Amino acid sequence: MATDEETPLLVENLPSTPTLNHKRDVHILCWAFLLIFLAYGAAQNLESTINTEGDLGTISLGILYSSFTFFSVLASLVVRKLGSKNALILGTTGYWLFIAANLKPTWYTMVPASLYLGFAASIIWVAQGTYLTSTAHSHANDYNLHEGTVIGKFNGEFWGMFASHQLVGNLITLAMLRDEKGGSTSGTTLLFIVFLCSMTLGTVLMCFLSKRNGKEEGLQDSRVTFSSSVVSLLKAMLNLLLDIRILLIIPLIAYSGLQQAFVWAEYTKHIVKPTLGERGVGGAMAVYGVFDAICSLAAGRLTFSLSSITIIVSGGALIQIIVLLWLLLGYSVAGGVLGTIYPLLIGALWGIGDGVLNTQLSALIGILFKHDLEGAFAQLKLWQSASIAVVFFISSSISLQTMVITLLAALCISVAGFLFLTLKVEKAFSFRAS
């Protein structure tokens, strides 16, 4: 049987016969998320440009991420009850419904779909983090490999594949949409039908994942009531929030959400559109996705311990600081060749930073909180989605300069907390070793 998620880092070298193909499950998970999110990611990029009446698209995304924030509190409970595989399958239904609502976008279709997707997204992302980390733990234990290295490699492969959804989805959008006179766009109905087909294939792939542990087989005690489970969950979350390690990681988690929302809400509107136009948004986001994917793969393969995570995160933070200072002090809309190169260069550099944060935050949580993976990944998505929701709600009322200053301050604070955490943990390990 596969090793349980709570297997300690150091185990005795006992003979074991692996019964699960862990790499196969990682490949299936990667392809399923690519098929689902190439559709959702491209649709999200289009929301503010195709659903403009009453700011329906932007407000729907704000509602979505507010719902995501709220349900992240309960997501770990659902994942524990259903098991990570079943929770992954359930989570795909929200994305399917959201794309279907875009076939007839009104307040009566988009708002309910956004609310439900917030719930589904909280489930699928907690389940993803739990499933992938559990698979890495099992693979390391079955083959007597270094656990940190396997976690880094699996996260690198997943986030590299996931980041490529920006490339694939935006290229599909670029090929199928046509700008017409009067500023309208044709081809959206066919595009969303293609997206629904892609999501359906992704959901079917999820069904071929292996079940990872006893919880997946429905072995929970039936005498445990829902209310007692909620009370237990809230206690666990409060206990986790009393852990100095998670408190020092939360600012970096929140910043990772801010920088993602900056791309969706500010970069495309204030940097890409003025120079490349609406059709250029797809190309710029494709460049962003390519560098995000390459960096995710590279960062994952270079991750093997807390020290490597510290170096990689510091490098990614430095790149984003340079971009933010450029936007704040020296960037201006240019014409000609530079007008094309600058937005694409900013997208490429920002994609590198996003790839670093995605892989390293997941690896860090997998290493530090392996005894409560569901709770830790719920915290990750709670703070990420909350910061994303804030950006969507306030983006229309603040300037690009104000947003850049906010990001710069948040990045400096979050990196300071992260570096303090790594020093504290390394000191603890050194003390135990001595």
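Here the Cβ of each residue, glycine as well, is placed from N, Cα and C on the backbone.
What TrEMBL records for this protein:
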- 28-46: transmembrane segment (TRANSMEM)
- 58-79: transmembrane segment (TRANSMEM)
- 86-103: transmembrane segment (TRANSMEM)
- 115-137: transmembrane segment (TRANSMEM)
- 158-177: transmembrane segment (TRANSMEM)
- 189-209: transmembrane segment (TRANSMEM)
- 244-265: transmembrane segment (TRANSMEM)
- 311-329: transmembrane segment (TRANSMEM)
- 341-368: transmembrane segment (TRANSMEM)
- 404-423: transmembrane segment (TRANSMEM)
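Between the transmembrane segment (311-329) and the listed ranges 28-46, 58-79, 86-103, 115-137, 341-368, the one holding the most Cβ pairs under 8 Å is 341-368. Between the transmembrane segment (28-46) and the transmembrane segment (341-368) there are fewer than 3 Cβ pairs closer than 8 Å, counting only pairs 6 or more residues apart in sequence, which means the two stretches are not in contact.
Against the transmembrane segment (58-79), stretch 115-137 has more CB pairs under 8 A than any other of 86-103, 115-137, 189-209, 244-265. Ranked by number of Cβ pairs under 8 Å to the transmembrane segment (341-368), the listed stretches 115-137, 158-177, 189-209, 244-265, 404-423 are led by 244-265.
404-423 is the stretch from 86-103, 115-137, 158-177, 189-209, 404-423 with the greatest number of Cβ pairs below 8 Å to the transmembrane segment (244-265).
Nonlocal intrachain contacts for the transmembrane segment (189-209), taken as residues 6+ away from its ends with a CB within less than 8 angstroms of a stretch CB, comprise 25, 28-29, 31-36, 38-40, 42-43, 85, 88-89, 92-93, 95-96, 99-100, 102-103, 131, 172-173, 176-177. Of the ranges 86-103, 158-177, 404-423, the one with the most Cβ pairs under 8 Å to the transmembrane segment (115-137) is 86-103.
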